[in-house]
Amino acid sequence: MRLLLIATVVWTFCFSGTHAADHALNAVDAAEDVVLNDSDAPVAVAAAWQAAVPSLIGADGPLLTQVEAAQRLGLSGKDTTVCVIDTGVDISHPNFGACSEGIRGRACRVKFGFDAESDSRDPSPRRTDTAEAGHGTHVAGIAVGGFPDKLLDAAGKPLPYQRGVAYEARLGALRAVNKDGAFPGEYMNRALHKTIRENCDVNNLSLGSFNVVPNPSYRQGMEETAAADILTTAAAGNDEGAITLGPRLFGTASPASYPKVFAVAHLQNAANPGSLVEISTPISTSSGLRNMLVAIQRADTQTSLASLCSPSCDSLPLPMNIHLVRMGAQQTAPAPPSLLAAALGSVTATATVQCGLKMIFEASEYKKGQALLLHFEPECKFYHTAPELWQYLRAMSPALVLMAMPSDNDAHAGALYYKNAQIPVLWMRSDDGRALAEQLAFRDARSMPPLQLKSLPGATLVPVPDEQAGQPAATSSMGPAFDLSIKPDIAAPGSLYSSLPNSTYQTWPGTSMSSPYMAGVLALWKQHMHNLEIEQPPGGWINAAFTAFKNTAKPIKYGNSSLVWPPAKVGAGMVQAFSGIVTNVTVTPAELLMKTDGTHQQFTLSVTNAGWSDASYTLGHQPAVTLLLTKSWYNQAFDAAAPTAVATGVERVVKVPARSTKVVKVGITIPPELKALDAIVSGYITLTPVGATPPSASRQPLSTSTPITLSIPYQGTSKDYSTVGTPNSLALFVPALPDLHALAAQLISDKPPLFVCDTAQRSGCAYSPDGVTIAADSPIPGFMFASTLLRPLADVKIQLWSSDWEVHLGTSASLGPAPASSPFRRTYLFEGSWDGSYLPVNSAAEVFVPMKTGEKYRVKLELWPVLAAGDKLAGRKQGQPMIFTVNELIVMLADPSKSASTIQVASIGRDGRGGRDGREGRRDRRDRRD
C-alpha cells in the first residue's frame, strides 16, 4: 500500500461523552391515500431510494405533522395572508410568483411589501449575497412557497410534494432589520402596525433575542396585533451553547416569550433532500453492489439554478478522479480528568486527540480540479468545522469534496451547518462514504486506476436516522417562561429546504424555519374555518387556535423510556395539522399551570363536543421527564430516573354527548420523593378515544371521522417558586453538590459575585470584600453583580449600609428582573451597572442621592422572587425578598452545608425601604459582616 503522507495538519480537541436522542422514524405508507401508521419499522433505504419517503417540505409525512393530510383536504392557504417580518424578501423569486415592485402579474402572490427603515413598499434584502439577507426569503418560502422549480430524480421526475405549507396563501413581505442586522423596536412597531392595516391573518416572527421578560421595545406593536386577533408565530430561539454546555432553562427568545404568541420549537424532520452520485465502477455497500451512491443535502432545480454547492456543482468537469484523504488520529494522550468529568463520572474519559490528514495517493497523481473524498475516523469527526482544515482544502483547490462521516447523524448535522461555501461539498451517507473510502484504499494499494465520479444524475430524499427523526433539536431553546408558564408552545420541523435570493434554494436549520412551518399550518386552519363560513370563532381566533393545536399536538417520546419530552422543551408537542384543523372536540383550559406551594392540586377540564356524534374517551396521564433544577447548571437537567408527578381521576371513561360540554376533574400530586428535589415537574393529561384502533395497527386513511387523541400539558415545580430563602422555596442558586463541591468553590473563588468597575472604562474590575469606598479623585464607580442563578428573579435592588453595619442608609431603584444563568456561566443580575445612587430610608421625597466620596459603604443584595403563573391564578401575591451580604452568598455557594434558608427573608414593603428606624436586620448584624 502506498501511503504517502504529503502533509500533516494537527489540531488538538478535547472531548468527553456523547448524547443521542431515541426516536424511531416510522414507516410511511406508499398508498395514494394518507395512511396513519405508527409502525416502529424504519424507512427502508435500498436501491429504490424514493420508496416510502415522505414529502420534501418539512419532509414530514402523515406520521409527523400531518401537513400532507391537511393539504389533501383541498387546503392550500388560499385567500389567507401570511405576513413575514424579517430581513426582507426577494419577491422576484419564482417561489412567490416572480413579482416585481409596481408590476404584479397573475402568478404573483405578494399582497404587499414594506420596509420599516425607509417606510417604502420595497421589502427586498439590501444585500442578496449574505446569509442574513436570505433569511426572510427562506422563511417565506416555507410558509407560502409554490416551488415551481422542482427537484428531479434520476428519471427526470419531480420529487413528491414540493410546495410550502400554505402554498397558495398571499404573502405580506416586511423588512424590519437595520444595517447592523438588528431589529430595532421602532422598526418592529412600524412593521407590526402595517400588518394590522393590511389585515394579515398570520404574522411570522423568525427573529429575536434572549430577554428575561418579553422585549419591551416593541411591546406596543405586539399588544396591538394581539388585540386585533392576528395569529402570531415566533421562533423559540437557537441555543447554540446547548450542544457542548447543555440546555439553558428559562431561555425562550423574545418575541416568542410574549403571551398569545405561538413559540415554536425545532424538531428534526424525517428526510432531507440529497443527491444521487454515480461512480464509474460498482462497489460493495451495505445494500449490495452499486455504482449509484447517495449524498445528503444536495438539491438541484429543474433550471439548475440552485444547489448546496451551486454554481460549482452545476459545472463540474465530469468525469473526474476521486482521491482519498483520511482524517485520523495520530496520537492520543491521556489528560488529567477535570473536576467536572470526575464529578459527573463521565463514561468517556477526557483525552487530548491529535488528528492529521493522510493522503492515500501519490502527490504526483493529484491535479487541482479533481474530487477528494475526506474520510473521518470517529475520534476526529468534529474536525470538519476546523478553520485550518478548510484553509488546507482551499489550497488543494478540489473541484468537489465528498465528506464521509462516521454516522448518518454526523453527516446530516455537518451538511445542515456547513458554512464554507467556497468549496463545493457533498456529504455522503455514512455507509456509502465508508464503502467508497475502502474501495479507494483497496485500489490504491494495488496500483489500480482511481474511481471516477461520472455524474450527479438527480435528487433524492435521504431519511434522517431513526433516533433523530421527529426529535427536538439540541439547539432549540428551552423554557419555561419567566413566570413558569409554558413556553415554547408547540414544536414543528425546522431543517427545511426553501428559497433563497437570486432564484436559488437551500436547506437551513433552526427555529426560524420551524416558526413559518407553524404559520403555514395556521393559514390552512383559517382557510378551513372560512370554508365552514366561520367568521369569528367563540373567544376569538387566537384562543381558538391555541386550544385546537395545543389539544391535538402529539407528546414526543423521550429516548427509550416510558416518558416524554417536557413542555419546557417542546410545548404541547409535535403539531398535528390535520387533527388540529378537523377536530370537533376541544378541552379547556389548553394547559394546566400548577400552584407551587403544595403537594396536590385539582383541575377542572371542560370537554366540548361540537360534533353531531357522541364521543367517549379514556382519561390518562403521560408524565414527562423531570428537570432537575439544581443540576441544570452542570448539564444534568434531564433525569429519566427521577420521580414524576402522579395523576388522580384518570384511567376512567368519559362520555361527551354531541353538541354539549362535559366537566371533568383530575388531580396532580407531587409525591414525597419528588418533593424532596428541586425540580420542574410536567406531563400531559390525555384523552384517548374509546375503541380507536391503535395507530400501529391502523391502515385507514386519515379522514374527518378519524378518532383524535387529545392532550393537555401541565407544568409546575416540586417546591415553592414564588418565594426565595424559605425552607420550602425552590433552589435559587447553583448548589455546591457534594460531588461538585471542589468545582463550585473554585468557580466562585475565581469569579466572585460582586464586581466594582469604572463605569467610564469598565476596567479594573475587582471584588471588594471590605465594602466600597469612593476615592475623592476617582470617577463615580459602577457596580455589577453576577451570580449563578438557577431561576429568574422579578427584581433586584441594592441596599447601602454604614461601614459598621449599624444604619441602613437607603436602597437603589429597581434594577429590573434578573435572568437565570446558562450552564457553566455566571449571569449579571441586571443589565449595565448601578451608578451608586440610592433612595434614603424614610425619605419624604422620591429623590435619589449619590454616594459620598471618601465614605465607606457596606452592601446587601435584595432579591425579589417571581410570582408563578399558577400561583397568581390561585390568588397568591408576590413573596418577600431575600436580603444578604455578598460574602454570605459566597459561603452559601461554596459550602454545601449552608443553604438559602440561613439567609434573611425580610418582612418589608415592595419599595424595599425597610423598618421604621431604618435598621431592619440589626439584631443579627454580627453574623452578617463582610
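Each residue, glycine too, has its Cβ placed from N, Cα and C.
All annotation found in TrEMBL is predicted automatically rather than curated by experts.
Long-range Cβ proximity for D86 (active site, charge relay system), meaning a same-chain Cβ under 8 A and a gap of 6 or more residues, is found for H135, G136, V139, A140, L174, R175, A176, V177, N204, S206, L207. Taken from TrEMBL, the feature active site, charge relay system covers D86 (among others).
Residues annotated as active site, charge relay system in TrEMBL: H135 (among others).
Per TrEMBL, active site, charge relay system is recorded for S512 (among others). Proximity of S512 (active site, charge relay system) to non-local residues of its own chain (separation of 6 or more, Cβ distance below 8 Å) is seen for H135, H138, V139, S206, L207, A235, N238, G494, given in sequence order.
The compositional bias 'Basic and acidic residues' feature in TrEMBL is assigned to 116-132 (among others).
For 910-930 (among others), the entry in TrEMBL reads compositional bias 'Basic and acidic residues'.
Taken from TrEMBL, the feature domain 'Peptidase S8/S53' covers 77-536.
Under the heading domain 'C5a peptidase/Subtilisin-like protease SBT2-like Fn3-like', TrEMBL lists 596-693.
The feature region 'Disordered' is assigned by TrEMBL to 116-135 (among others).
According to TrEMBL, the feature region 'Disordered' maps to 903-930 (among others).
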Model confidence over the domain 'Peptidase S8/S53' (77-536) (mean pLDDT, whole number): 85
Composition by DSSP (helix, strand, coil) of residues within the domain 'C5a peptidase/Subtilisin-like protease SBT2-like Fn3-like' (596-693): 8 helix, 53 strand, 37 coil
CB contacts for H135 (active site, charge relay system) [other CB atoms within 10 A, all chains]: 25
